[in-house]
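> Pasting in a structure now, in C-alpha cells, and then I'll have a few things to ask.
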C-alpha cells in the first residue's frame, strides 16, 4: 500500500537502484548495482567487526557532539534531552524513543514543538530484549536515540522525505562511510497510534538509523492497512528519525561487542572483579567474542533453542566444543549485562524513578534485582552503587547524576538490603509451594513463577533451583525477564468517564468558569442554558467542579423566590453541570431563566486552604527528603487532606516535624500565590516536567500555579496568599504501598480543631492517670513495664495452675481400649491456659485431652498423643463438630486443634459429643 511513498527523487538523482532482497523479500535502495541482499542482519553478517566503517574512532561524547553540530549547521535547533521517565505521558512509563518526547500534544498538532526543525540526543530505555542483553553482543537496555525532527502542517512544510535522506546521506559521508556500502531498506513503521513509510539505514550489516515519515493515524475506517491495522492520512506530517549513538560508536570502532565499544573501562573493571581475563588484544579470545556477535546478529537469541544453536555454530566455526564455549561466554555475558544494567539504573534513578512494586518503579526494581543476582553469581562483592559511580564518572555531560549521587546510593543500599531479606523469606515460601506441587504430582506452571516474582520478589532462578531441590519440574523461558518487563511497561488504560446526557451536553457551549479570575467572590448571576432531570447547566459559574483531588463546590441557585440546593458540580467536555438535591414534582427553573448562585463559602475555603497546603507540603517534603520526591496522588476534604509521594523508605517523625516547620514558614511569609495560563511548550521549557506532579492536563494552554517554591500545572481553587492557609498540622504519615508514603494533614480552622482534639486527648489521659501532661510519657512507660512484669508473673501462675490440674485430670481419665480420654470444662480459662494444660496432659503418647471453657465466648482446645493418633484419633475433626454446636467454627490437625463459638449453652452437649466421637474413632 505504501509503495508510492518510496518513489523519492533523492534516490534516482544520486545513482541508487531499487532491488528486492532474495532473503527477506524487502525492497531496498543501493548505489552498488552488484549488491543482491538488503544489508541487514540476518541477510548480511556483521562485516564491520574488526573492520570499522568510518574514517576514525569516536567515543560517545564525540559522536554525540559530531551529530548535533552537523544538524545545527543544517539549520536545526538543539534542544535538551527529556527525562527517561515519561512524566508528560500517562500511557507509557519510560521514554522509549525521541518522538515520545513530543507525543501526544505536538504530534497531534495541539501544541507547537519547542523548535522546528530540531535535533536532540534522547536517552531511551527499552526492556523488551532484557534477556538478550550481554548474550547478543548488541542489545542494550539504555541507549541514546539521536534524532532530527521536522513537524509539517498543511500550512507550512519544513522539509519532508527528500531533505531527510539528503541529511542522512550527508552525515554518513562526513563520518567517512563508503557510499557504496550504505543501503536504505523499505520497512513500513507503526507505533503509538501513528504509522508511515520508513527506511532503515544500514552499513556493514548494522542498522544505524531509522527514518520514519509519519503521516498516518490509526483509524478503523481508514483505507491503508499496515501490519493488520487500518490507517488514514493525517493533516500534519512528521519527520521522525532515530540514529543509534551507541551503534554509530560501535561501527566506528569495530569492537567485538557494543559493550566493549561504549564502556570499555567499566567492562574491564568488572571483568577484573569477577576474575575474568578480558584481553581483547588476545587474538583467539577476541575472535571468539567477535564471532559470537557476528552470528548472534543472524538470529533471535531470546529463545533457549536459538541460544544453544548459536553456541553450536560459534563453537564449530572456531573449533571448540559448545560446552567449552559456554564456559567462556556465560561469565563474560553476565559482566556485559551488569555494565549495561547499571548504566540503565544510573538514568532511571538519576532521573527520579523510585524502585517499588508498581509502574516505572517496578521496572527499576526488576533491573536492580537482575543485576544483583548476576553480581552474586560472578562473586562481584562490591555495592552496586560503586558501579553506578563509575558510570557517572564516565558521563560528565550529565552533571545532575553526580549531584544526586548521595540519594542514588541510599536508594540502592536500601534495595540491596530488601533483596537479601526477600531471598531469605522467598526460599521458605518457594519450598512450601514446591512441596504442594510435588504432592499433587504436577509440574510447577510459569504463572506461579511469575506470581512469586511479581508478588514476593523471588527471582525465577531461585524458584527453579528450590523447586528442583524438592523434585519439581519447572519450565522457565529464557526470555522470562523480557516477558515480565513487557507486561509492566504499559500503563493501565483509563476508563473513559461516562458522560450522562451526552447528546444534550454536546450541543452546549463550554461554561465560563469565573472562579479563576475571582477566587474570593461567592455570589454570581447566570442564565440557565439547559435543564434535564435534576441537572442544570448555566452560561457561567463560580462553583468549582470536582477534579484534581478537590471535591465539588456546593451552594444554592435562586430563581425568583425559590432556592435550590446544589449538592454536586461536575464538568463534562468543558460544560459544568450543577446537580440539585432532589427531583421535585415540578422543578422551579426553566431554560432561559436568570438565577442567582451562591457558593458554600465555608466548604470552598476549607478546600482551597487544603489544596494550597498540599502544594506547600509537597515543596517542604522535597526540601527535607530530596529532589526525587514526586506526587503520586492527593485528596482534599473540608477537615483534612492527604498527599501521597514517592519515597524509598519510611518518613521518620523527625522528618515529618521538619516538613511541618518548613510548611508553616511558607505560610508565615505570606507569599502571593501566582497563577497564569501559559502555552504548554513555553511552560515545559521554563519549569520542566515537575509541572505535572498532579497529572498531565490536556490542551495547548495550561494553568501554571506558583505556591512558594512549588510550581505545578493546577486547575484547582486556592488562597490568594500563603498566609490565608493558616496553620498546617501534619496528623500522621503512613506507608500505603512499597515506595509510596502518605502524609495526612489539616490546615486553617481544621488544623486548630485537630490540635484541640490532640490536646483534649492528652488532657483526658493525664486526668485518668492523675499526672501532668509532661509526666505522661514516663508514666505510660512505667505502666507498660509493670504490665509486662505482671504478664510474666501471670503466665508463670498459669503454668503452675495447669501443672497442678494435670494430676487431678489424669486421675479422672477414662480408659478406652488402652487410650486415656480426658474431657473437661475448665471455668474462666483462656486459650493460652487451655493449650498449656492440654499440652502437659498429652506428653504421654496414649492420652487424648479435650478441654472447653467459657471466657469471652467459648474456647475449645484438643490434643492427642502419638499413640492415640496412630490408633485413629483425629481431634481436628472432633473440634470442628464441637465448634458448630457452640455457634462457631474450628479445626486443626489430628494431634492438635482449636475452636470455639459464641453460644455457651451448647458446651455440655459438645463435650458429651466429643466423647462419643472419640469412641467411634477408636472402635
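Here the Cβ of each residue, glycine as well, is placed from N, Cα and C on the backbone.
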> Under Swiss-Prot, the annotation region 'Disordered' belongs to which of these stretches: 862-885, 886-909?
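That would be 886-909, the stretch labelled region 'Disordered' in Swiss-Prot.
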> Within 10 Å of its Cβ, which one of these binding-site residues (611, 615, 718) has the largest number of other Cβ atoms?
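Going through 611, 615, 718 one by one, the largest Cβ count within 10 Å is at 615.
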> Other than 611, 615, 714, 718, which residues of the chain come within 8 Å of the Zn(2+) site, judged by Cβ distance to the Cβ centroid of those residues?
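Along the chain, the qualifying residues are 608, 612, 614, 673, 705, 707, 712, 716, 717.
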> For residue 718 (Zn(2+) binding site), just give me the three-state DSSP call.
coil
> Any same-chain residues 6+ apart from residue 714 (Zn(2+) binding site) with CB under 8 Å of its CB? Would you list them in sequence order, or say none?
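548, 611, 615, 694, 703, 704, 705 - these are the non-local Cβ neighbours of residue 714 (Zn(2+) binding site), listed in sequence order.
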